[in-house]
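Database features, via TrEMBL:
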BINDING   CYS93, CYS98, HIS170, HIS175  Zn(2+) binding site
Amino acid sequence: MKMANETAPIIRRNRPGTKNKDWCNWEDESFEEMDSTLAVQQFIQQAIRKDFTNVEEILNPPEGQDEGVWKYEHLRQFCMELNGLAVKLQVECNPETCTQMTATEQWIFLCAAHKTPKECPAIDYTRHTLDGAACLLNSNKYFPSRVSIKDSSVAKLGSVCRRVYRIFSHAYFHHRPLFDTYENETYLCRRFTQFVTKYNLMSKDNLIVPIMEDQQTLEGESEA
């Protein structure tokens, strides 16, 4: 029997038949209470659900959190969310209309999924890149643990960031209405840009989507 002053435990789980309005609709949990090897992922996803527009808070690690694991888990999350953008791109980005992976007239990207890097239709490049990122980030060889990651494995995250960023750039410059709709729903490119800038995972010269306020200012000045 339960004592009168006992409180029922909070079950943080979406049961079969859960309505959309009730999906993940439970009280927040502090990082210290998350007793799981997936705690960092849970913490990041909780922050996104709470307010996806609060990029600063989402990227702010708990005190004492290992930086390598923090970067790794964020990149996993970005790739998962980028699959949503890839699905939307399939509607209008097809091999006949987007024969190359391009961003503006100056950037053409070669697909590294082949034995020798070569040109791919943009939608194929997108699929290949996300598949390759998933294979690497789920590799037991490089990332056998979700709690501790070797520096040599953390060093591989930069190349993944550079490749998946090209999906944002193609969507922005060639499918702008679709990009804007998804960005307004997720703030994903804004969060990714701030993330790679904060941890120096990409050169600022390669951040060609003017999503941040300082980038928009520079773009306006250059047009003037």
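Every residue number used here counts from 1 along the chain in the order it is shown.
Including glycine, each Cβ sits where the backbone N, Cα and C put it.
Source: prediction; values computed, not measured.
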- Message: What's the number of neighbouring CB atoms sitting within 10 A of the CB on CYS98 (Zn(2+) binding site)?
- Response: 21
- Message: I need the most crowded of these binding-site residues: HIS170, HIS175. Count other C-beta atoms within 10 angstroms of each C-beta and give me the top one.
- Response: HIS170
- Query: Neighbourhood of the Zn(2+) site (CYS93, CYS98, HIS170, HIS175): other residues with Cβ within 8 Å of the Cβ centroid, in order?
  - Reply: LEU89, GLU92, THR97, ALA122, ILE123, THR126, ALA171, HIS174
- How many other Cβ atoms sit within 10 Å of the Cβ of CYS93 (Zn(2+) binding site)? 21
